Amino acid sequence: PCLYVCVCLCVCQTSIEDCCKDGRRRGMDNQDCTALPLISESTTCRIAQEQCCVSVLEDNMCTTGMNMAKDQGACETLFVTNTCETKTTKVCIYADVCICMCVCICVCVCMTWKKRERERETENEREHKRESNGNCAHRCTGNGTCTCFKGYKLKPDGKNCEDINECLLGASNCRAGERCINTEGSFRCQREVSCGTGYELTDNNNCKDIDECETGTHNCVPEFECQNTQGSFRCRPKVKCSAGYIQDALGNCIDINECLAQTGPCHPGQLCINTLGSYKCQRNSVNCGRGYHLNEEGTRCEDIDECKGPDAACSGHGCINLVGSYRCECATGYIFNSISRVCEDMNECRHYPGRLCAHKCENTLGSYKCSCTTGFKLANDGRNCDDLNECESNPCSQECANVYGSYQCYCRRGYQLSDNDGVTCEDIDECALPTGGHICSYRCHNTPGSFHCTCPVNGYTLAANGRSCQDVDECVTGTHTCTVNQSCFNVQGGFRCLSFECPTNYRRVGETTARLERSDTVRCIKSCQPSDVACVLDPVHLVSYTVISMPTFREFTRPEEIVFLRTTVPAYGSYHFGSYDVKFDILEGNVENAFDIIKRVENGMYVGVVRQVKPLIGPLNIVLKLSTSNLTSQGVSHQNIINVYVFVSEFWF
């Protein structure tokens, strides 16, 4: 009989209809239903696409199968070869017509013409019943409400019923290892894993033993008969052996040695002698010693020739029979054991220690062999050991030096030998060494086997030693941007364009220069009008400007002397013991009290020394306003103002 499987998808989302339409359209294009492009991230939509696509393909295949069956009349010649993993389903149709389908992706589902007519009749009966049942598809309650049979649910129209997909809703009771398959109004559980060899799956989804003997699928030869077992079968020989014999695995009957198989089959004082299929007991009147046995009559003892027969006593060695005994002539490498009377292997390594092999001796059956320790190889004489040049096999990542019995790996400059394996050379990060911070003036960059230094992008260039950073004097190279009325002053890492104007009632000494050096000073001397009494009485006679450039000290351990204010006042003149003196002051610009000024005597003259006493972090620009005052008993007789422009670089070089 043919089977029609209806796959129904029961979902509540409004977009499911679009998902199903997309699946039908792709099924009409004969696309692979198991690898459809998703139009939604919903799992339900994906299932709807696949099921609707499969439904279209099933209908197309059924139609194709029926048409081919009508044209050719038989199924046996439809498919000669298959190019996929096929299942061929033969379905008999009304009027002895068969349908054959090759299933590659899905299971072929079809139904007979007769069943389609029967379904149309059933549908007509349902319509007739529906009219008599208040237009309800299944059942109508007393108040005019429609209900559905088990396995169905009421459609939104309140009258018709549709199948419930218990598999999709998880309402099945399938056991672990079984797959749920939806059917019209119900579902069925199908085992996912096969039953295994020797078993088959029954209609109730259980595994049943296959009787290979009954089905004729055994491989017993004609001399054996088949006996079924659970999951397999046994081949039993048909011929039964008589008493005194036992059957081997090939069905042959072999004699049983009752004298060995039984415990004392003969009475005491009798000797058991085995015969074919039986045994006999013989009176034991003579007791022969070792190396002798009774003659056939049992009347006297005869010498046993241990050297004769397939089981010779000496096992491949030379054998000499003696009266009541024998002697073995052992081969080289063996020694005769007089107690066990067999040839035993002689351990040459133990008998001749240190005389056979230079390094290691290993005993073998009837001989020995020499071997060498690590780092050596066996010489051509098979006994001595020669040094093995391990460097020929390149065991080291860079350089290898062979030594006697071993080798030594070493690395090129800029690399060091790994502590892990002793053969790999690892790059030395010179920048990370304890002294790495002093290898380069500014930045250190590690490279494989070496390193290189770099300087700040602007204002510096790398020195010839490849490590130090040298300041670029833009005032000398002409790369500054100062105007004609400005003086260029080089600072560490840059330059400054300076222009100094003398204050009122002061005039400049000398002309403006294009470039200022560290020791250059711009001086403005007092030049008063004859009628300007205040100018004349002002004790400041000289206003000067000077410029210095300083680095940012990484380690500030002691004061740094930066400016020297020299005077012409003798420290020990004739008027020294009067009220005449020189005073040095910092009037303005002492940021964070980072500077002080002390008085010192050099070459008999007073000198004011300006010192940096605290660290300053650049970049920083400071203008220190200093004063030098000549004091008398009447007060300040003479005063000079010195403006010091201090430019602190952000770098330490």
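The backbone N, Cα and C atoms fix where each Cβ goes, glycine too.
TrEMBL: automatically predicted annotations, no manual curation.
Per TrEMBL, the features are:
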DOMAIN    19-53  domain 'Anaphylatoxin-like'
TRANSMEM  93-113  transmembrane segment
DOMAIN    303-344  domain 'EGF-like'
DOMAIN    345-386  domain 'EGF-like'
DOMAIN    387-426  domain 'EGF-like'
DOMAIN    427-470  domain 'EGF-like'
Contact set, same chain, for the domain 'EGF-like' (387-426): CB under 8 Å, 6 or more residues outside the stretch
372-377, 448-451
Mean pLDDT across the domain 'EGF-like' (345-386) comes out at 93
Counting each residue once, how many in the domain 'EGF-like' (387-426) are helix, strand and coil under DSSP?
4 helix, 16 strand, 20 coil
Helix, strand and coil residues within the domain 'EGF-like' (345-386) as assigned by DSSP
4 helix, 16 strand, 22 coil
How do the residues of the domain 'Anaphylatoxin-like' (19-53) split into helix, strand and coil according to DSSP?
24 helix, 0 strand, 11 coil
